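Undergrad: Pasting in a structure now, in structure tokens, and then I'll have a few things to ask.
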Amino acid sequence: MLRLLASGCARGPGPGVGARPAAGLFHPGRRQSRQASDAPRNQPPSPEFVARPVGVCSMMRLPVQTSPEGLDAAFIGVPLDTGTSNRPGARFGPRRIREESVMLGTVNPSTGALPFQSLMVADLGDVNVNLYNLQDSCRRIQEAYEKIVAAGCIPLTLGGDHTITYPILQAMAKKHGPVGLLHVDAHTDTTDKALGEKLYHGAPFRRCVDEGLLDCKRVVQIGIRGSSTTLDPYRYNRSQGFRVVLAEDCWMKSLVPLMGEVRQQMGGKPIYISFDIDALDPAYAPGTGTPEIAGLTPSQALEIIRGCQGLNVMGCDLVEVSPPYDLSGNTALLAANLLFEMLCALPKVTTV
């Protein structure tokens, strides 16, 4: 089930970019439906008329709904870090990402994307996870996402540790069959088990392979790096047909050519984007649980996500933001921007 955010959460669209709200309290209006094509779509409020600190702490200050009905896409928080192996704190990621999203606008001048003129978008609050039982949390996540996907709504997820991608992909595969995967991360997350446990943030994609959730010939992992306990830590991945792009193969270069190859590999079938913030160098994203040096840059992250435009993206997540290690808030700010870029890359988003 989905749970609304803290008290004061309302549902319905906020004031449009060109609309001036009444003086005094900021009150979102009634919910709109995508079925009414001539009806105005939800719009984040313009700072020209509504001060950034004003309103409910939702993603981009969008309306908060309890149901995915009528939505083309939605932001969902999964505040879970029970599966972490090093630094905790990712359970606070969704809240902090939402806080930092107030700086985001409604259009993307760099790509020409007009997401809020193309899609009905809202914030669906958080999945009500069980912090004391990881298996039960995964069940709750899967059930919540099955409802979201069944409604025809594309989920954009605020994590949470990387364990959450496993139940999300269970829900995705239930509707779409095995999906392609663009996985941006410092780690492959295909370890079989740790301390006897097969369910944690280092193993989600191993579990996905075990259950046939992935179209393994359409899995690309970018940004992989770090020390290991073996000299060939990527043998399993390559044996499954994954393409593994190491971080050092990305150093000092544009990733636009790489993403051209990725688009050809993915084709027109459904794909899922899973972005671990530790793919980025800790100079840019220190607030994460398992940082690795010599990572990607923010501009490369933009090239990767923008390179997905035109693909059949059925869902996205941004995981592993740990606010206790993000003293400046820059990691969450970066995460919020990357989620906006994912929204802009979704199918049916108009570009000019």
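The backbone N, Cα and C atoms fix where each Cβ goes, and this holds for glycine too.
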Undergrad: Which of ASP72, ASP81, ASP276 does Swiss-Prot put in the same Mn(2+) 1 site as HIS162, ASP185, ASP189?
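TA: Of ASP72, ASP81, ASP276, ASP276 joins HIS162, ASP185, ASP189 in the Mn(2+) 1 site that Swiss-Prot records.
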Undergrad: Checking your reading of the structure: which of the recorded positions HIS162, ASP189, LYS193, LYS217 lie inside a 10 Å Cα sphere centred on ASP278 (Mn(2+) 2 binding site)?
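TA: Cα within 10 Å of ASP278 (Mn(2+) 2 binding site): none.
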Undergrad: Once HIS162, ASP185, ASP189, ASP276 are set aside, which residues in the chain still have Cβ within 8 Å of the Cβ centroid of the Mn(2+) 1 site?
TA: THR165, HIS183, ALA186, HIS187, THR188, HIS201, PRO204, PHE205, SER274, ASP278, ALA279, VAL319, GLU320
Undergrad: Around the recorded Mn(2+) 2 site, report the further residues of that chain (criterion: Cβ within 8 Å of the mean position of the Cβ atoms of ASP185, HIS187, ASP276, ASP278; site residues excluded), sequence-ordered.
TA: HIS162, VAL184, ALA186, ASP189, GLY223, ILE277, ALA279, THR290, GLU292, GLU320
Undergrad: In the structure shown, with every protein chain counted, which of the binding-site residues HIS162, HIS187 has the densest set of Cβ atoms within 10 angstroms of its Cβ?
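TA: Sorting the candidates by Cβ neighbours within 10 Å, the top entry is HIS162.
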